[in-house]
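Structure record follows, encoded as structure tokens.
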């Protein structure tokens, strides 16, 4: 339940409930410097076949917020 509350709060506070709902929104719980540092690390193929993804050398804390069957725009 706490992840659900976090997702609802973050989606509203960042105005991510405008126009349409994306199936997944990912929030990274790391410093901006740590996130930016990933871009200078190993370039790898993305899951969708594109080549503009990067592999972090360290584990990062994230929260994936997924649209549920009961999700309703704009909430």
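Cβ from N, Cα, C; glycine included.
Swiss-Prot has this to say about the protein:
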- 22, 23, 24, 25, 26, 47, 66: substrate binding site (BINDING)
- 7-65: disulfide bond (DISULFID)
- 46-53: disulfide bond (DISULFID)
- 15: N-linked glycosylation site (CARBOHYD)
From recorded positions 15, 53, 65, the one whose Cα lies nearest residue 47 (substrate binding site): 53
Those disulfide-bonded residues of 46, 53, 65 having Cα within 10 angstroms of residue 26 (substrate binding site): 65
Spatial neighbours, same chain, of residue 46 (disulfide bond) - Cβ under 8 Å, 6+ residues apart: 52, 53
Top Cα neighbour of residue 23 (substrate binding site) in the set of recorded positions 7, 15, 65: 65
Whole-number Å value for how far residue 24 (substrate binding site) lies from residue 65 (disulfide bond) (Cα to Cα): 6
Rounded Cα-Cα span from residue 66 (substrate binding site) to residue 7 (disulfide bond), Å: 8
Site of maximum Cβ density within 10 Å, from recorded positions 15, 25, 26: 25
